[in-house]
Every structure is written in structure tokens, then in C-alpha cells.
């Protein structure tokens, strides 16, 4: 059997990444050019700055990924690219580069949903067992997804307002923490106690929707009022209390989803899946079903996860033509108009 190599491109936000996947789940390279330092002074991602950085480094990422993998363009079987959701300018840079590379090398083009990439990052660790439930938690998304078979995604619950990662960054900014704040809040939370009361929105309601705007507002109001009155707040306890509220919500909704759908596995993925507090709670409270969380290096945005998702689409011969365009608000159940089913 001839080995299959997929080159994947990811540029949906502030990471430029190119990866090479061998066959189903062996990552030969996963080059990531991070822009975090460029965005820190702004306290968040500036879309125009992100796009310019992508343009500056993407060619080098292609070269480095191929060199690290020890293959050439002639060895490749396909090119995969994130076409949404994400920042439209950032997406267009990766999309243009991937399309040009695929066209120049006569390779099929595989369109990949960014969130499907996060979910399928777990495939690098072990084969996924279907049907499964996925909890996807990142800076832009908080979703519960039912996956009856590979590549078939059904959103069964999502946030009505802020994503969980967005809430972390916003309260981190209020506390004067460095962007992105999730890791620092997690570390501080482990040193503190859950002493401040924060709301757990919709935690007892029967549906599978999330809401974090009320929690974020309650945190900001507490911090603001204490500052106005000259009251001292204990940073570690603030972080522990905020994180306890977040994790209570995530665990409650995930347990409800598992009780309603015939899942054989739970996948937890996305940037917030790197949170040690979340990992600890999952290990303690969900023991009746196997829980798979990608390795830390695959939790954030990276092209390796896009390649792992693309392998599923390659098996189905789901290719796109060169009219493929960026879809910044792409949903799980959307497919490109330019799909060519062979």
C-alpha cells in the first residue's frame, strides 16, 4: 500500500500553521508561527495585524513543514485548508496559499471546518469510537456536538453569548493578567479557594445551551465595586471562584448530553481543553465512559488537527474546486458550495 501524505494549512486566527500527515494519524510535522507576542499589547487579536503576520510567514511555514517531514511536494496526495469559521482576512491568506500550492502541484483540495479540526485532533492519540459526544471549548466557540459517524457533526448545544475562552480573556484583562489569560487563571486557581459567589447560568435547565455573559458581568462588577470601595480582593481566590463556576457549567451540560445520546466516547477539545482544572474535573466526575483529550500541543490552533480532520474527508473523496471561499461564520452542518464528490 502506498503511503498517503496530506499537507494542511491553518490560519483562522492568530496562528499560522502548516502540517504534514502520513496516512491516518501520523503527524510528520506541525509547524506553528505564533503571533501572541504581537497581540499582547492590544489585549486581544487585532484582525488586520493577524492577516499581515500570516502573509509574512506562511511561505516559510510551507517550506519548514515539508523539510521537517522529509518529503517533497511530489510525494503529497492532497492539500487541506481551514476555510472557516474564523477571521475573514486571516482565513483568506491561508486559503489563497493552499489553493495556489494545490493548483501548482496538481493536487486535490480538501476544505476543513476549523472546529472539526479541533475535534479530530483526538485521532492522533487513539482511534475514535462512534457514536461520540464532543465538548468543544475555545476562544470563539463553546459547543456540544454529537458525532454518530466520522465526518457527521450535529450541534446539540452551544453558547448563547460569550465563548468560554472569551470569558477567560475578558476577566483576565480586568485583573491585569497577560493575554491570553486562560493558562494564568488556571494556575492561579489551583492556589486559591472558591470563596466568591458567581452565578452558574442555566445550569439546572433542561436544555444543553451555555451562557457565560452573566458570569463575566458578575465578575467585572465584583472587581469594579471592590476597587471603588478600596476593598482588597484575593487574586488566587478570584480565579478559583471564576474557574469553579465555569467548570460547573461545562460539566453539568456535558453530563446531560451523555445521558441523552448513545455515546461510546467523550472527546474534549479546543484551546480551553488545555486547562488542567477541566482535565482534573473530567477525570473525577466522568468515569463511566472513555474521555479523550488531545495532547497539549494539539489543543490550540494548529494545522496538525486540520490534517487529521482532512483524512476523514479524503477517505470520502470530499474535494473542493478552486472557487472555494472563506466562510468566517461557518457552522458544523454547512458544506462548501464548491464540493466535488468524486
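Including glycine, each Cβ sits where the backbone N, Cα and C put it.
Positions annotated as Fe cation binding site by Swiss-Prot: 114, 118, 301. Taking the Cβ of residue 118 (Fe cation binding site) as centre and 10 Å as the limit, one finds 32 other Cβ atoms among all the protein chains shown.
As annotated by Swiss-Prot, substrate binding site applies to 136, 137, 138, 139, 140, 169, 182, 186, 275, with the evidence given as sequence analysis. The secondary structure of residue 182 (substrate binding site), as reduced to three states from DSSP, is helical. On its own chain, residue 182 (substrate binding site) has 165, 168, 169, 172, 271, 272, 274, 275 as residues at least 6 apart in sequence with a Cβ closer than 8 Å to its own Cβ.
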Measuring Cα to Cα, tell me the gap between residue 138 (substrate binding site) and residue 114 (Fe cation binding site) in whole angstrom. 11
Cα of residue 140 (substrate binding site) to Cα of residue 118 (Fe cation binding site), in Å and rounded, measures 12
Using a 10 Å radius on the Cβ of residue 138 (substrate binding site), the other Cβ atoms enclosed count 24
Around residue 136 (substrate binding site), how many other CB atoms lie within 10 A of its CB? 26
What does DSSP assign residue 136 (substrate binding site), in three states? strand
